[in-house]
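Novice: So TrEMBL lists these for the protein:
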- A:251: active site, glycyl thioester intermediate (ACT_SITE)
- A:449: active site, cysteine persulfide intermediate (ACT_SITE)
- A:99, A:120, A:148, A:192, A:193: ATP binding site (BINDING)
- A:234, A:237, A:309, A:312: Zn(2+) binding site (BINDING)
- A:411-431: compositional bias 'Low complexity' (COMPBIAS)
- A:365-489: domain 'Rhodanese' (DOMAIN)
- A:411-447: region 'Disordered' (REGION)
């Protein structure tokens, strides 16, 4: 083809496209503006609007705006206009607007899921933002203090105003779970605790809804689809017995690299999109285990649903009638409020404990007094009292010899010398610990942790090892930061 | 002896000196030809575990909340405790996660 021929062809194509564009512009005008267009005179003498529909698709029901917005996935061979139409007509309920829910909600909103439900009951804290990236205020950095469901909904609407976003501010409860879940096509478990995970799975069994389950902690993530198809298992099929509460690491204790739930939450959006649109193979009877530290993604094969399962078996004990009164806290041995601080315990006699304020006074009087800090190394490294000795509660027994040696070292309080000899003085020491401000009655050392529970356990371990001295600090470093030194960083 | 590749994830590695993959030669029970998952698991507890055995096993089986896989397949599909472990097989322990 010669250059001039090519030029001619392009000109013709250009003209044709211009005409098409004009026609489309006319068809896009709102009805009020479109009416005059039918009269050529009122429209500057332009072409008359055709009496027939200007374009026809495959009865997908998407409008021009939607086609334009979702065009890159519509033109995808494996997706197409019908899958997009199903997505736009579909609904997804996201339970938890945290680290998993953040990317899940954003991607589902962006992808055009017609109706999104967001369930949460917490407000945003500064320590959430590193992974819960959905919570940001226009013109501000973070929405600290704002309800998570509202904050997430606002971000979804800002991203895509053409979808409907619904919020549930009371969280998911056994009373509302089945009804709420029944109102949506696909459920995303973006929660952060065992009782809620069992509740969601049970309610999905009862309501017969597919469940996209994701979890993340530290640098590990897991993803699977429950309650799907003929043979897909539910959470209980895999884990009929709940792990003990102490075996469930929580982000607030164990930490989490922000991007890890980000990856899993994004994959949850993907699985939800596949389920709503009917495209691809859902991750049912398979579990993706992700080890971000080593970059290993492992997809493993899971069992089929169990006929004996109490939730999804042939004669389930958990039904729409029984679920609302099921004791999930009792079953899992833990409350659903996951980020909450553990309840303050009273494990050792009250007179062997002092307040942070009392500790401050005693340290002022005796700068050499020994402080044992039993928090994990990562927390100790953030900030600790000057001169504090680090003896983490985990493997506490390994530190006993070092503690004995330190107590015997000159420079520590004289009463510390000869630990064994003073073992019998426990009662006397303890009696004065609470209310005495007399320096001569000072106990030789103090034990602190994050909140005042592990420090009591550590003291109990010291007692068992024959070390009868030492005083616990009620409320730990969190209370110290509140009551004594507000500049002390907390986490 | 059977060459077994033990894999620990989802926090299980913390019980095994932070090792995620351990290759080991595991002896069969006296006179037996086969090594079962049950025997491999007990051997790992006795020889590889560094702390808190109660977080690994409960009775003669694995504790609740841990998924056991034989060559990337749920052990329930292979015979659970009685599943035979062959030379070079991978036995994986994954603790279920709850965080989000």
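Each residue, glycine too, has its Cβ placed from N, Cα and C.
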Novice: Calculate the distance in Å between the alpha carbons (Cα) of residue A:148 (ATP binding site) and residue A:234 (Zn(2+) binding site), and round it to a whole number.
Specialist: 28
Novice: Given the recorded positions A:99, A:192, A:193, A:312, A:449, which pass a C-beta cutoff of under 8 Å against chain B? Sequence order please.
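Specialist: Cβ contacts with chain B under 8 Å: A:99, A:192, A:193.
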Novice: Compute the C-alpha separation of residue A:449 (active site, cysteine persulfide intermediate) from residue A:120 (ATP binding site), stating it in Å without decimals.
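Specialist: So the alpha carbons of residue A:449 (active site, cysteine persulfide intermediate) and residue A:120 (ATP binding site) sit roughly 30 Å from each other.
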Novice: Taking only same-chain residues 6+ apart in sequence, whose CB is under 8 Å from that of residue A:237 (Zn(2+) binding site), what do you get?
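Specialist: Listed in sequence order, they are A:303, A:304, A:305, A:306, A:309, A:311, A:312.
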Novice: At 10 angstroms around each C-beta, which of the recorded positions A:234, A:309, A:312, A:449 has the fewest other C-beta atoms nearby?
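Specialist: Least crowded of the recorded positions A:234, A:309, A:312, A:449, by Cβ count within 10 Å, is A:309.
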Novice: Cβ within 8 angstroms of the Cβ centroid of A:234, A:237, A:309, A:312: which residues besides those meet this for the Zn(2+) site?
Specialist: A:201, A:205, A:226, A:227, A:233, A:235, A:236, A:305, A:306, A:310, A:311, A:313
Novice: How many other Cβ atoms sit within 10 Å of the Cβ of residue A:99 (ATP binding site)?
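Specialist: For residue A:99 (ATP binding site), the 10 Å Cβ neighbour count is 31.
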Novice: About how far apart, in whole Å, are the alpha carbons (Cα) of residue A:99 (ATP binding site) and residue A:234 (Zn(2+) binding site)?
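Specialist: Roughly 23 Å, rounded to the nearest whole number.
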